[in-house]
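Student: Here's the feature list from TrEMBL:
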- 12-34: transmembrane segment (TRANSMEM)
- 54-76: transmembrane segment (TRANSMEM)
- 83-103: transmembrane segment (TRANSMEM)
- 115-138: transmembrane segment (TRANSMEM)
- 150-182: transmembrane segment (TRANSMEM)
- 265-285: transmembrane segment (TRANSMEM)
- 297-316: transmembrane segment (TRANSMEM)
- 362-387: transmembrane segment (TRANSMEM)
- 399-416: transmembrane segment (TRANSMEM)
- 457-473: transmembrane segment (TRANSMEM)
Amino acid sequence: MPPISLKSRLKAIIRAYWHLGLTSFGGPGAHVVILERLFVQKLQWIDARTFSDLFSISNALPGPGSAQIAFGIALVKYGELASMLAFLFWSSPGGLGMTALGFAVRKIPNELPPIVLAVLTGINAAAVGLISLAAYRLSLNTVTDRVTRLLLCLSAAIGLLYSSIWLLPTLMLGAGLVTLIFDEATRKEGMGESSVASAAPDLAPLLVQNDSPSVLEEANLPSSSRLALHRAPGYGATTNGTTSHTHLIPEPRILEASVSVPTSISLLVFFACVFMSAVIFRAVVDNAPRIWDFGSNLFIGGSIIFGGGAVVVPVLREYVVDPGWVSNRDFLFGFAMLQAFPGPNFNFSAYLGVLANPDNPVLGALTGLVALYSPGLILEFALLPFYVKLRESRITRSLLRGLNAAAVGLVFLAVVELWKIGARTGKGSTSLDSDTWWLIVVCMSFVSVQWYNNLPPVAIVMGGMAGLGWYVVNMET
């Protein structure tokens, strides 16, 4: 079979990906199933086992899982240039939307009327509820034994007591070493590895055995993501336009062949050099241009965001809000509005880039996107040739158990920190427990999305309406 021309490959990417960045609502859970439906069942670009491997890789690396899967599918099928184009289609619409939102928020005055402050507080309370929900969901799959529970609590507690740019990577590395030492000690005592949970769920048995919608939808997919999935274009369709209930027989694919070993080693060296340069730059350079500080912080942050898009909240708050570049008000408002946009949560970096770099907001948005996304994509690109060995490595699995547990602890930390500054008043920020009503809004946001098929954007709108109701009642009394 003659090789496919570059032009034909890029055309195929455009036809398959052009709409995904505009229609992929519902969060990471829905994104994964949408991608599986389209590229495994409908277009049959890859087989179920390859998709499962890409899913596992995305869970094991820092970065946005859904974007890494979309990137990896194109890389395996059509090569490097095609994968970059696919990534742009997947992430650009949400990134452009968040950039525009950043420009709009820049025009909001510091002094706001009480009714607007009440609506913002309601939105903030709903956002805190959604972050609480993300922490809860992540903990269900990540925190599986007493060691990981302890690491979660310790990472959250230490984060509450101390704040530093070094803290987050140190906590995560330390947690990984703890689980590695514990698991090795357990193995040597004869308990074996049966008690050691895997670092990431494996979709392979699910995808190979049955591809019916009911099975896929029940694979730990949140109800709101299932609802968004049903509304997504092409849901449940196969090549003949009908829903398939047949078994998928995986064809032999070798992920390692997608990238040459010399290229992978070069990328790993490049990543290590950039990461160390960013760390050294932040440590020794004072009064650097804001754009350099911002880019360095986000590259470091993008290198340690394990556990999914929800972990961006504590990491970006530590690296963008704590230095004073973005206010707590604008950070929480931006995260709340992010729920209404398609695509990965990493697009939040474009919004923060606009606000953190007032002298050059466009460059700030671009820097934020590149700095936050690039670590995960570079590592995925580089580690494909070594994937099988890494997947089978006991050391890798043990390290990831600790890393992920600490990452979830940081999400719980973000819940507490944002709770303390979620209420907006004329004098600034105060805790959401200043009025019991805001606690109710937090709880309703959590419950409605988790158990009543509500979508996150709707929960945010309901929070704003609850804030308006609070204002009306308090004005009358």
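FYI, residue positions are counted from 1 along the chain as it appears here.
Heads up, the Cβ atoms here are built off N, Cα and C, so glycines get one too.
Annotations in TrEMBL come from automatic prediction, not curation.
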Student: Before we move on, state whether the transmembrane segment (83-103) and the transmembrane segment (150-182) share at least 3 Cβ pairs under 8 Å, counting only pairs 6 or more apart in sequence.
Tutor: no
Student: As a test: from 12-34, 150-182, 362-387, 399-416, 457-473, pick the stretch that has the greatest number of Cβ pairs under 8 Å with the transmembrane segment (54-76).
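Tutor: When the Cβ pairs under 8 Å are tallied, 362-387 comes out ahead.
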Student: Are there three or more C-beta pairs under 8 angstroms joining the transmembrane segment (362-387) and the transmembrane segment (150-182), sequence spacing 6 or more?
Tutor: no
Student: By Cβ distance under 8 Å, which residues at least 6 away from the ends of the transmembrane segment (362-387) in the same chain are close to it?
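Tutor: Beyond its ends, the transmembrane segment (362-387) has Cβ neighbours at 53, 57-58, 61-64, 67-68, 71-72, 75, 80, 83, 87, 91, 95, 98-99, 102, 255-256, 258-261, 263-265, 267-268, 270-271, 275, 291, 294-299, 301-303, 305, 312, 346-347, 349-356.
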